[in-house]
Amino acid sequence: MAEAEVAAALSPNEIEPHQKKQPSRNKYSLACAMLASMASILLGYDIGVMSGAAMYIKRDLRISDVEIEILAGIINLYSPIGSYIAGRTSDWIGRRYTIILAAVIFFVGAILMGFSPNYGFLMFGRFVAGIGIGFAFLIAPVYTSEISPTSSRGFLSSLPEVFLNGGILLGYISNYVFSKLPLRIGWRLMLGVGAIPSMFLAIAVLAMPESPRWLVSQGRIGEARTILNKISDSKQEAHQRLADIKLTAGIPQDCNDDVVPITKNKQGEGVWKELLLYPTPAVRHIFIASLGIHFFAQATGIDAVVLYSPRIFENAGIKSDSKKLLATVAVGFVKTVFILVATFFLDRVGRRKLLLSSVSGLIISLLTLAVSLTVVNHSKTTLNWAVGLSIASVLCYVGSFSIGSGPITWVYSSEIFPLRLRAQGVAIGAVVNRVTSGVISMTFLSLTKAITTGGAFFLFAGIAAAAWVFHYTLLPETRGKTLEEIEGSFGNFCRKSTNSANGEGHNRNSSGNGQIQLGTNGQDQQPLTSVD
């Protein structure tokens with residue numbers, strides 16, 4: 001069913017940050033991480049641009065709201081297919097060329113959508129673009145984490161999420177700019193312009209080095225050593241990282257040849273049994289926590305707001321296309337700013353506190369939005385205060401999501417799984433995330449017709465309240481804990497963190513300092529491999 005897509009490997013041997021002076025940020029690794037993270041712009045741009053393009057597609061092609069829902073949301077069901085293929089491809093040709101392939105596939109999809117003569121052809125273009133997005137969705141965080149030095153891994157690993165939100169903002173801006181053009185040209189340019197960042201990405205990636213972890217998995221130790229010396233903060237760290245990677249790959253530490261033979265291990269079947277059929281209490285707790293945090297991240301309606309914000313603003317009383325699209329630009333700007341704020345607070349405040357605060361903000365903003373839209377719906381005249389309150393509520397909602405629930409979902413779910421189960425656990429979480437997103441985005445307009453737009457947001461507020469209870473009850477703090485301590489925090493339900501909030505763990509490498517890896521999965525000290 002799912003590809004062993006993403007596995008974050010924390011190294012127990014890394015030096016504690018508080019024991020030495022923090023080195024200056026490695027500019028070479030920062031540049032590489034930023035270039036790789038640009039792949040996330042592809043997904044963000046598609047999400048953002050479809051929100052505005054959908055208005056004009058409906059008018060030009062004369063299609064129904066149900067067809068618009070399918071058009072907008074189906075890409076979330078296509079992208080896991082792309083991620084599955086990307087997992088295999090990146091193990092075969094490497095991370096760098098997989099990023100290039102993602103850019104090429106999305107480029108073709110964007111061109112197809114831009115030249116679509118009818119709905120059927122447009123859907124085919126969405127399928128191709130969805131495969132490319134699935135590639136980028138997987139490979140950007142994988143490469144970024146594997147290339148990042150220890151001191152910056154938390155910050156650099158958050159860059160894909162930052163660039164995704166930047167892509168959404170670019171999509172919103174594209175909507176506003178091209179909305180001035182004739183109907184038949186405007187929406188096609190909105191979609192077709194997405195080919196430009198993919199072209200730049202494909203060219204820029206050629207200047208990036210290959211992932212040292214992939215090189216070691218291929219037995220190319222000499223090349224990996226050279227790259228690690230460039231992307232690490234010191235020669236000592238480069239040596240330690242190479243030793244950790246060799247340990248994971250099952251290569252003896254005294255083997256220093258430039259090229260060595262590698263034996264591939266594949267023990268995925270036992271891992272699936274341990275995860276699904278015979279889990280320990282701790283593994284069962286971790287599995288439930290991962291599924292729940294992914295489900296609630298999407299079930300609280302973020303994709304409905306991002307994709308259909310022009311429709312929401314129209315229901316709030318804004319009738320002008322330009323004003324609706326300008327309001328969506330504000331949504332994208334707030335979302336991007338708050339995700340930047342989250343990158344700096346994630347390792348300082350802690351996952352649990354930030355997540356609970358974020359979901360509390362979601363509940364308040366959703367209830368306020370639901371009330372204001374309900375008032376507008378029952379009013380025969382335009383109520384400026386209700387319109388303003390609706391816009392403010394949407395901005396508060398996306399800000400609350402971006403500062404906690406959005407980024408923490410991926411951080412938390414990757415760091416809580418034991419290394420031997422991480423690839424499969426994160427893969428299942430990613431599928432739950434994308435499928436839930438697809439269901440929400442493909443049913444939102446129908447839901448608003450059935451229970452009104454205000455009623456839909458009352459429903460999302462109820463789900464957010466359930467999410468807060470779930471997070472408070474089942475998710476302990478993980479900041480400041482070693483891998484062993486994180487696993488030991490699970491197993492007793494309704495248990496809260498006791499000492500990690502104060503950073504009393506011995507290793508602060510958690511998610512932010514973890515390395516995401518594709519490859520084989522056996523035991524804790526063995527490599528991770530792709531499984532069916």
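Cβ atoms here come from the backbone N, Cα and C positions, even for glycine.
What TrEMBL annotates here:
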{"type": "TRANSMEM", "residues": "28-48", "note": "transmembrane segment"}
{"type": "DOMAIN", "residues": "32-479", "note": "domain 'Major facilitator superfamily (MFS) profile'"}
{"type": "TRANSMEM", "residues": "97-115", "note": "transmembrane segment"}
{"type": "TRANSMEM", "residues": "121-143", "note": "transmembrane segment"}
{"type": "TRANSMEM", "residues": "155-173", "note": "transmembrane segment"}
{"type": "TRANSMEM", "residues": "185-208", "note": "transmembrane segment"}
{"type": "TRANSMEM", "residues": "286-306", "note": "transmembrane segment"}
{"type": "TRANSMEM", "residues": "326-347", "note": "transmembrane segment"}
{"type": "TRANSMEM", "residues": "354-373", "note": "transmembrane segment"}
{"type": "TRANSMEM", "residues": "385-413", "note": "transmembrane segment"}
{"type": "TRANSMEM", "residues": "451-475", "note": "transmembrane segment"}
{"type": "REGION", "residues": "497-532", "note": "region 'Disordered'"}
Report yes or no: does the transmembrane segment (286-306) come within contact of the transmembrane segment (121-143), defined as 3 or more CB pairs under 8 Å with a sequence separation of 6 or more?
no
With pairs restricted to those 6 or more apart in sequence, evaluate whether the transmembrane segment (155-173) and the transmembrane segment (326-347) have 3+ C-beta pairs under 8 Å.
yes
Among the recorded stretches 28-48, 185-208, 326-347, 354-373, which has the greatest number of Cβ pairs closer than 8 Å to the transmembrane segment (121-143)?
28-48
Within the predicted model, mean pLDDT of the domain 'Major facilitator superfamily (MFS) profile' (32-479):
89
How about long-range neighbours of the transmembrane segment (185-208): same chain, 6 or more residues beyond its ends, C-beta under 8 Å?
32, 35-36, 38-39, 41-42, 45-46, 49-50, 52-53, 56-57, 60, 96, 99-100, 103-104, 106-107, 110-111, 113-116, 125, 129, 132, 167, 170-171, 174-175, 178-179
Cβ contacts the transmembrane segment (385-413)/the transmembrane segment (326-347), at least three under 8 Å, sequence gap 6 or more:
yes
Excluding the flanking five residues on each side, which residues at least 6 beyond the ends of the transmembrane segment (326-347) place their CB within less than 8 Å of a CB in that stretch?
48, 51-52, 154-155, 158-159, 161-162, 165-166, 168-173, 175-176, 305-306, 309-310, 313, 318, 354, 391, 394-395, 398-404, 406-408, 411, 479, 508, 510, 512
